[in-house]
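The annotation domain 'Alpha/beta hydrolase fold-3' is assigned in TrEMBL to 88-242, 297-361. Taken from TrEMBL, the feature active site covers Ser170, Asp328, His358.
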Amino acid sequence: MKTRKRFKTEKRHSERPEVHQCNIKADFSELTGMKDYMGVMMFITFAERVVPQSDENVHVSEERFDGVEVVVYQPKVLGGETELRRAVIYLHGGGWCLGSSRMGPYDLLARQMVIDLNSVVVSVEYRLAPEHHFPVPYEDVYRVVKHFLQMEVLAQYAVDPGRIAVSGDSAGGNLAAAVSQQLQQDPYQQVKLKVQALLYPVMQALDLNTPSYQQNQNMPILPRTLMVRFWSEYFTSDKNFFRAMMANTHNSPESAALLKFVNWSAFLPESYRGKYNYSAPSVTLRGTGSGPDTLSHSIADPRASPLLVPDADLQSLPKAYVLTCEYDVLRDDGVMYAERLRHAGVQVTHEHYTSGFHGALMFTMWPTDFMIGHTMMENLIRWLQQNL
């Protein structure tokens, strides 16, 4: 496995003012019963939303693939051009509860991939929790990918069937990993993904006390409390489940049987363990809120927690690019998945940013235009140029 560490990035880990203000307002609104937490946090999505439009280099269209909204970016075709192109299916982040393919930084990333890769980019506008709990966001993404991978659809967009990638950041990285796994297990799927690119992905819901969760529990952008809330809202609006997840006491006997796949004392390299000692999450024999059987099944479902699949299901997965950041509660999720992929025989490039922080890829536009965001984007596109 190739592991590349990046050092020349910003040493500050600034939080956008609107993120900090939204966190405060969301907490207050929920406490007073004025509005639910995620409803207030959606302000961030609306504040950065743009209307994707065609320009001199890129043709943009808003379409529906099997009923799911997508934004399709294509190179402007020159007269007589017949060469088949690469394609990237991109899945935005936002904890399954926030975000949009129409946010400015995602629009910028898609256009850059079109220009630098001569590729078609399909940016998926999947439905969000808490209005649409798991597995709806995953199912939306899976339907889009299955639709796009049909030979007649690929021909419509002049895409080479052998050069298709799926990629995503944060929760989008989770969805990309899950779709890659499920596609490989579909015996009727003819067109396969060539590569998967996972950017600071969230990979498991069983142990929310890994070293990176502890080290970065109060880190701006994605503190532990917010990540746990994303997880709980993905599954249910029952606040009892959120409290159980905060205490790391949400595992049932069903999910506890899978803790061996997220045992960071076994899968996390020593350099990432730091001063922390492994302690297995406790297991409760009773439910942690409404529908305990459903919740137990959901957190143990690999479509929600891709890190839970056995090694045999990893062996046939496409080549992978995994980006992780030191100052990120999700660091260890990505590191452990990269390690498990490598042990299963999958070609992996693991790029770790020692001064990186969660969400840095979104810091590419004013007023948060940071060098680290552009560096991440350039390195991702360079890897795709070489491997897709």
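Using the three backbone atoms N, Cα and C, a Cβ is placed for every residue, glycine included.
For the pair formed by His358 (active site) and Ser170 (active site), distance between Cα atoms is given as 8 Å, rounded to the nearest Å. The distance from the Cα of Asp328 (active site) to the Cα of Ser170 (active site) comes to 10 Å. Taking the Cβ of Ser170 (active site) as centre and 10 Å as the limit, one finds 29 other Cβ atoms among all the protein chains shown. Looking just at the domain 'Alpha/beta hydrolase fold-3' (88-242), the mean pLDDT is 97. Every protein chain considered, the tally of other Cβ atoms within 10 Å of the Cβ of His358 (active site) stands at 28.
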